[in-house]
Amino acid sequence: MKSNTREATGQHTRECGVSAALKQGQITPTELCQKCLSLIKKTKFLNAYITVSEEVALKQAEESEKRYKNGQSLGDLDGIPVAVKDNFSTSGIETTCASNMLKGYIPPYNATVVQKLLDQGALLMGKTNLDEFAMGSGSTDGVFGPVKNPWSYSKQYREKRKQNPHSKNEDSDWLITGGSSGGSAAAVSAFTCYAALGSDTGGSTRNPAAHCGLVGFKPSYGLVSRHGLIPLVNSMDVPGILTRCVDDAAIVLGALAGPDPKDSTTVHDPINKPFMLPSLADVSKLCIGIPKEYLVPELSSEVRSLWSKAADLFESEGAKVLEVSLPHTSYSIVCYHVLCTSEVASNMARFDGLQYGHRCDIDVSTEAMYAATRREGFNDVVRGRILSGNFFLLKENYENYFVKAQKVRRLIANDFVNAFNSGVDVLLTPTTLSEAVPYLEFIKEDNRTRSAQDDIFTQAVNMAGLPAVSIPVALSNQGLPIGLQFIGRAFCDQQLLTVAKWFEKQVQFPVIQLQELMDDCSAVLENEKLASVSLKQ
């Protein structure tokens, strides 16, 4: 997809990505769709998709093909395969939130972000897997089973494992994707689509992006509509974007951003359209902030080293690098837990077996039906968060827990304001504590402990409503992706992505090599351009 300089500007255009291939007739939308559908089938064992909308996608591809033939392309996303996390409503397509509670539920409308993608001509390949109701950080707790990280089967990782005499090299020793948008991350990483929507409440787009070697972007709260995103935490939920490069994320953001009369939290669109990222010519004018509180003991030595090298890179190019303080960071995990579970308890109350979704067979009384429906429909994680939230919201606890957490949230948000007011343009932090871990190791901890550990660097951003993006930096000693996070000022999404684009160009993160996984990968993607990092590079 990657943004290009258009002929309309009078500048030389050099496109060699899939958007250009479509425009120049090198491949048709139907052929591209079929290639991605073929890859979806070949990578089915990754469990990235809950529903594959093959007929819908092929019909959309046919319509896109007609537009291209008539010279009426809708833009950079026309004919481009995309995937959507299964907690966004899709008209006529089952939307489950990976829960028994919503198995069989078919929404009568599209989420605003889904509709905007379709209005731009994108092809909906399917709905992706997640933790149940997006409550988790590994994409392991959904009713359809865990998602496997494509990097588990990459040439880079497998070669490193062969060099390790202690590695068992068992098929069961696959890696998690991170979560809760792990299905979307796996779908993009395995080349089954070019972009995917996730949701981000405390890091659920950035976390799997870091583990799967992708760009994971969380827009400013209010820039993109939440209408049709089945809510987890209304005051923190944001539709997220997963792509293989920063320019692609920018193009998708350009399609999604803007006010929505169906979502009162959206604001007037402060970005220019079409959303084109300029090249950052002079890094020396930048000031990069390094939050000292993010240097935690649990941070792996490899991530710490790459974080330091990234700061040195900016400094060597003339940027000013400052240590800054976010003094209330240590309270963010507890604060997030109280606020998150409180809103969860409220949002999950709608699933009562009366209006839609699962309903048990017990008809002794309404109360008995409620209880049995929710016991059968929700997993232990969801029920646990509902119980916690209702405890915090009890009359005798409300002031001591919920109100105090709201006050701490304001302090956390003010920490960021103070940091940016000190002259900092963007903050540079780790995204996760380490690279992706094997599934069998991950499930040794309970869901709440895992989420608290894995989202330690990402949750505060959601509480402050700021934009943030995770950029893949390098491969670890095990041959696995490590990502770093950039955090920007509220509604300065374009500036943030411009800095991220410059950084991405410097680090030159390698493309995942999945040839051993897909024997005829080269046949499926015989045009190297179509397997490239971007759509328009």
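Using N, Cα and C of the backbone, Cβ positions are placed for all residues, glycine too.
If you look up TrEMBL, you'll see Lys85 (among others) marked as active site, charge relay system.
According to TrEMBL, the active site, charge relay system annotation covers Ser180 (among others). Summarising the environment of Ser180 (active site, charge relay system), the number of other Cβ atoms within 10 Å of its Cβ, over all protein chains shown, is 38.
In the structure as shown, the Cβ atom of Ser204 (active site, acyl-ester intermediate) sits within 10 Å of 38 other Cβ atoms. Annotation source TrEMBL lists active site, acyl-ester intermediate at Ser204.
What TrEMBL lists as domain 'Amidase' is 34-497.
Taken from TrEMBL, the feature region 'Disordered' applies to 156-175.
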How far is it from Ser204 (active site, acyl-ester intermediate) to Lys85 (active site, charge relay system), counting Cα to Cα, in Å?
11
Within 10 Å of the Cβ of Lys85 (active site, charge relay system), how many other Cβ atoms are there?
33
Express the distance between the Cα positions of Ser180 (active site, charge relay system) and Lys85 (active site, charge relay system) as a whole number of Å.
9
